[in-house]
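**Q** Here Swiss-Prot flags 86 as active site, proton donor/acceptor, drawing on similarity to another entry. Per Swiss-Prot, the feature Zn(2+) binding site maps to 113, 115, 138; the stated evidence is similarity to another entry. As annotated by Swiss-Prot, disulfide bond applies to 24-34, 44-225. The domain 'Alpha-carbonic anhydrase' annotation in Swiss-Prot covers 21-281. Summarising the annotation, Swiss-Prot assigns signal peptide to 1-18 and lists sequence analysis as the type of evidence.
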């Protein structure tokens, strides 16, 4: 049930023929009978929407934003990966969860998906100081609680998304290769395959780098755009080789006829409005060294000089 809820919330299930116009991305709207981002309905016109541009110097330090605790991220499994018509989506097991990081509860992972472009500077949904990245990966988690399902669904923190910007790097990212290799088997919507065994840590930067992040309250970036998401946008990017990034737009299609490559599956930036963006103490800045740390080596040098 948790996985089904997450799929429905993210618009991963496609309508049957004859139903009302379905939502799509801007690149599709000019070629197909579908609703582009400016016509998305439901909660998509509200005031606490995502994604946003994060101005790093304006983000407020929140000392409660400490380290995350990752459970099950090291599990190596052969996972189901699907072309859902909007993105590539990897289903995650019930044993994967996060806590800490200023979150109000434990959150269980349901799936991960990505957004991208053929252009290496416009494939991410969020931007940092106006700069966008080649891709963005979202790991979606649902709040674990003893209350009723309706109460969870209606709360403004029922979903926690970990967002990772993806940049082009000089070397192949071997941890990502099982997913990249699987793309050839899911080129058209509705197809799925099983990836070679891998863990979530294979996809991510080192855990030590995940102390630096930004936090705000927002929405899903696809219809129904529910304003129920605790967003965490990490400062440290994932790095893939350019060829790995371009595999997503060359191997995947929006349509059964393979006429439109899947690319630019990115919602335009939304207004921040009266919301605040917070950052962990280290995000966007170098932490000053404590005074004793500076004094000890200085005094040692002075003493060494006197004893010569």
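Each position is counted from 1, following the chain as shown.
Here the Cβ of each residue, glycine as well, is placed from N, Cα and C on the backbone.
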**Q** Given a separation of at least six residues and a C-beta threshold under 8 Å, show me what packs close to residue 24 (disulfide bond) in the same chain.
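**A** The list for residue 24 (disulfide bond) reads 32, 34, 35, 36, 254, given in order along the sequence.
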**Q** List, in sequence order, those recorded positions among 44, 115, 225 whose Cα sits within 10 Å of the Cα of residue 86 (active site, proton donor/acceptor).
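**A** The recorded positions close to residue 86 (active site, proton donor/acceptor) (Cα within 10 Å), listed in sequence order, are 115.
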**Q** Take the C-alpha atoms of residue 115 (Zn(2+) binding site) and residue 225 (disulfide bond) and report the distance between them in angstrom, rounded.
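**A** Per the Cα atoms, residue 115 (Zn(2+) binding site) and residue 225 (disulfide bond) stand 16 Å apart.
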**Q** Using the Cβ centroid of 113, 115, 138 as the reference point for the Zn(2+) site, which residues of the same chain not in that list have Cβ within 8 Å?
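**A** My list of surrounding residues reads 87, 112, 114, 125, 136, 137, 221.
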**Q** Does DSSP put residue 44 (disulfide bond) in a helix, in a strand, or in coil?
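**A** The residue in question, residue 44 (disulfide bond), is helix (DSSP, three-state).
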**Q** For the recorded positions listed here (86, 113, 115, 138), tell me which residue's CB has the most neighbouring CB atoms inside 10 Å.
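**A** That would be 115, with the most Cβ atoms nearby.
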**Q** Roughly how many Å lie between the Cα atoms of residue 138 (Zn(2+) binding site) and residue 44 (disulfide bond), rounded to a whole value?
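**A** Their Cα atoms are separated by 19 Å.
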